[in-house]
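S.K.: First the structure, then my questions, so here it is.
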Amino acid sequence: MSTHIGAKQNEIASTVLLPGDPLRAKFIAENFLEDVICYNDVRGMYGYTGTYKGKRVSVQGTGMGIPSISIYANELIESYGVKNLIRVGTCGSINKDIKVRDIILAMGACTNSGTNRMRFNGMDFAPIASFDLLKKAYDIGKSKGLDIKVGNILSSDLFYNDDKDAIKLWSKYGVLGIEMEASGLYTLGAKYGVNTLAILTVSDSIVTGEETTAKERETTFTKMMEIALELAE
């Protein structure tokens, strides 16, 4: 056991999907995995292990924001030896060409968070995805006939941000969407030498105002889930 994860040793697979919403973790386990065990319910942050097409895979809720995902990622790596950590989450589009329900593979993750500035003594670090996972996910998506978007995203500490000019600036520099976790995950991947990737479904468009419901975000974004599960080794 670790501080926030109640699993015993060997109960967690080497590949773990990381949805922010613990109910999405439950949905993935119940609808995609076989021979499922629930290894964690500490703080209501469910974790499950099962098999997908014969391959062992786990799914662990993380909560929202860089501090929260960093807690779970740290413990999964340090206490349980996880090698592949794949965020499956949502983001808001800030690009007019990125539509609701599009899938984005986050090649890099900018941030306005102070966590990396603290970690690197005021200097900037460029958190990026693992190329192998990124390439495999892209190829899987294309083989399924999906229009996969690949590019930079922003991991923001602010969910409600009134500074529209800042959003326009990020968009001007090619950032595709905004979420709240990937930068922290990618930084820890670099620190520990493990593979990390964020696969994101666009849940709303900051450009057009179109959005999806909470239930849709929990249960209908299955294409990104399937791509992530196919990455299990």
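Cβ from N, Cα, C; glycine included.
Note that the coordinates shown come from a computational prediction; the quantities given were computed from them, not determined experimentally.
The feature active site, proton donor is assigned by Swiss-Prot to D204, with sequence analysis given as support. Taken from Swiss-Prot, the feature purine D-ribonucleoside binding site applies to H4, E179, M180, E181, S203, D204, supported by similarity to another entry. Residues annotated as phosphate binding site in Swiss-Prot: G20, R24, R43, R87, V88, G89, T90. Marked as site 'Important for catalytic activity' by Swiss-Prot on the basis of sequence analysis: R217.
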S.K.: R43 (phosphate binding site) to M180 (purine D-ribonucleoside binding site): how many Å between their Cα atoms?
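M.R.: Cα-Cα, rounded: 20 Å.
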S.K.: If you pair up every Cα among H4, E179, M180, E181, S203, D204, the residues annotated as binding purine D-ribonucleoside, what's the maximum separation in angstrom, rounded to an integer?
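M.R.: Among the residues the record ties to purine D-ribonucleoside, max Cα distance equals 31 Å.
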S.K.: For E179 (purine D-ribonucleoside binding site), which of the listed recorded positions (R24, R87, G89, T90, D204, R217) have their CA atom within 10 A of its CA?
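M.R.: Those near E179 (purine D-ribonucleoside binding site) - Cα within 10 Å - are G89, T90, in sequence order.
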S.K.: With the cut-off set at 10 Å between Cβ atoms, which of these recorded positions ends up with the most neighbours? Options: R24, R43, R87, R217.
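M.R.: The residue with the most neighbouring Cβ atoms within 10 Å is R87.
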S.K.: Under 8 Å Cβ to Cβ from S203 (purine D-ribonucleoside binding site), same chain, six or more residues apart: give me those in sequence order, or none if nothing qualifies.
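M.R.: When sequence neighbours closer than 6 are ignored, S203 (purine D-ribonucleoside binding site) has T90, C91, G92, V100, E211, T212, E216, R217, F221 within Cβ distance under 8 Å.
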S.K.: Of the binding-site residues G20, R24, G89, which one has its Cα closest to the Cα of H4 (purine D-ribonucleoside binding site)?
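M.R.: Going through G20, R24, G89 one by one, the Cα closest to that of H4 (purine D-ribonucleoside binding site) is G20.
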S.K.: Need the DSSP three-state call for G89 (phosphate binding site) to compare against my parser.
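M.R.: DSSP call for G89 (phosphate binding site): strand.
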